[in-house]
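These features come from Swiss-Prot:
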{"type": "BINDING", "residues": "E242", "note": "Na(+) binding site"}
{"type": "CARBOHYD", "residues": "N29", "note": "N-linked glycosylation site"}
{"type": "CARBOHYD", "residues": "N118", "note": "N-linked glycosylation site"}
{"type": "CARBOHYD", "residues": "N146", "note": "N-linked glycosylation site"}
{"type": "SITE", "residues": "I114", "note": "site 'Key residue for a low dissociation (K(off)) from the conotoxin BuIA'"}
{"type": "TOPO_DOM", "residues": "4-216", "note": "topological domain 'Extracellular'"}
{"type": "TOPO_DOM", "residues": "238-245", "note": "topological domain 'Cytoplasmic'"}
{"type": "TOPO_DOM", "residues": "267-278", "note": "topological domain 'Extracellular'"}
{"type": "TOPO_DOM", "residues": "300-438", "note": "topological domain 'Cytoplasmic'"}
{"type": "TOPO_DOM", "residues": "460-470", "note": "topological domain 'Extracellular'"}
{"type": "TRANSMEM", "residues": "217-237", "note": "transmembrane segment"}
{"type": "TRANSMEM", "residues": "246-266", "note": "transmembrane segment"}
{"type": "TRANSMEM", "residues": "279-299", "note": "transmembrane segment"}
{"type": "TRANSMEM", "residues": "439-459", "note": "transmembrane segment"}
Amino acid sequence: STAADAEEKLMNHLLSPDRYNKLIRPAVNSSQLVSIELQVSLAQLISVNEREQIMTTNVWLNQEWIDYRLAWKPSDYEGINMLRIPAKHIWLPDIVLYNNADGTYEVSLYTNAIVQNNGSIRWLPPAIYKSACKIEVKHFPFDQQNCTLKFRSWTYDHTEIDMVLKTSMASMDDFTPSGEWDIVALPGRRTENPLDPNYVDVTYDFIIKRKPLFYTINLIIPCVLITSLAILVFYLPSDCGEKMTLCISVLLALTVFLLLISKIVPPTSLDVPLIGKYLMFTMVLVTFSIVTSVCVLNVHHRSPSTHTMPPWVKLVFLERLPAYLFMKRPENNSPRQKPANCKKTRAENLCMDPADFYKNSTYFVNTASAKKYDMKITDTLDNVSSHQDFRLRTGTKFSPEVQEAIDGVSFIAEHMKSDDNDQSVIEDWKYVAMVVDRLFLWIFVLVCVLGTVGLFLQPLFQNHIAATNP
């Protein structure tokens, strides 16, 4: 007979209804345990849905056991020592994924089982599992997750079958790398319940680490750049009128990023994701920059008619702080300033203020003008007596017209002097606002750099999630 005839004869013999019932557990007696060796082979990590907390994987569930009823002598059947029998024609252990998330407990395809002549059976069905996975969002997007696959018999307890872990690690021989996750480890463990002797399961821990490049490019770097714009608010001149506009725009941009984060991570109150902490940190900074900008603008637009500058403000913001902030106030070269090095002469009244000059009892007048207004002149200075055009007036009164002109000139001089003083105070207030701006610029740069580095260095020191028994 041919090999095909021998195989058909063997198949009919093994699966004959008279000697084999696929509904009966392959045990010699009721007290015998059927040992099931189990190993998971990971083919693909399809996705991890953070918001729904579901991990989708493509695995091969390798199961091995012995069915004494399917043993034969190869010499009786043309030396055939292995058969491939459709799985639905033999007894199968009803091992299912206990922590599935979509109600699909069984495998995707009932493949053929490989049966050896000694009765050992190896069944390797593929399955796409959606398992519940508790997402730890504390270090997102630099996070590491521990998702488990828990396998257990649905109807048989520990008194009927014994689940044995074939190897301590899941197989990755046929694994296709994921673009989002790195596999850190796939340890397996066999779990028994001391309080329930009938309980046994096999659990695999999928310890995976996220590849953060996508979120770094699309979330973190834009947030850092937007935060730097908030810092530049303090370098913006107060006169341009765009300080508040820039602050509000940056705050709105950060709010949009915060909404994006809320759609990615699960709505849990146990932890705040790292990127969420950073966004809140930057939003607090921007809010504080708005408050400080309001204060700076208030100082910038102060005047002598509304505010008096306290001495301590002059001491701190005009004398002390600028040196520490590397600021140097330019010299005031206003043409209205009095000459600083006016030389003292015998005619020192020439250096007096206009009001004092005209009110003084002695000053120079033109001789022609003096005759016209009947002024008495006298030569009292040696260095002036030689001049024919100018003489000194002694203490005589002016005519009403001249006195009125002198009063007008004196009023104008006093008004100009008052304007100069007011303008000087206004410039002082503006410089104080500039110093405050520069002070907060350095403070914000320091806080922003330290806060950013401190937050994003945390994942480097996180502990790896280890597999622990429940």
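Here the Cβ of each residue, glycine as well, is placed from N, Cα and C on the backbone.
Shown here: features listed in Swiss-Prot, placed on the structure.
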residue : record                                                                     : contacts (Cβ under 8 Å, 6+ apart)
N29     : N-linked glycosylation site                                                : none
I114    : site 'Key residue for a low dissociation (K(off)) from the conotoxin BuIA' : M82, L83, R84, I121, R122, W123, L124
N118    : N-linked glycosylation site                                                : I66, A71
E242    : Na(+) binding site                                                         : L236
Chain residues in Cβ proximity to the topological domain 'Extracellular' (267-278) (below 8 Å; excluding those fewer than six residues from its ends, i.e. six or more beyond): 51, 135-143, 215, 219-220, 223, 258, 261, 451-452, 455-456, 458-459
Residues in the topological domain 'Cytoplasmic' (238-245) per DSSP class, helix first, strand next, coil last, are 6 helix, 0 strand, 2 coil
What same-chain residues lie close to the transmembrane segment (246-266): Cβ under 8 Å, and 6 or more beyond its ends? 50-53, 135, 137, 140, 219, 222-223, 226-227, 229-230, 232-233, 236, 273, 275-276, 279-280, 282-283, 286-287, 289-290, 293
Quick one: what's DSSP say for I114 (site 'Key residue for a low dissociation (K(off)) from the conotoxin BuIA'), helix, strand or coil? strand
Residues of the parent chain within Cβ reach of the topological domain 'Cytoplasmic' (238-245), under 8 Å, 6 or more residues beyond its termini: 290, 293-294, 296-297, 300, 430, 433-434, 437
Give me the DSSP three-state residue breakdown of the topological domain 'Extracellular' (267-278), ordered helix, strand, coil. 5 helix, 0 strand, 7 coil
Hey, what's the Cβ neighbour count for N146 (N-linked glycosylation site) at 10 Å? 19
State the three-class DSSP label for N29 (N-linked glycosylation site), counting H, G and I as helix, E and B as strand, and everything else as coil. coil
Once the DSSP letters are reduced so that anything not helix or strand counts as coil, what is N146 (N-linked glycosylation site)? strand
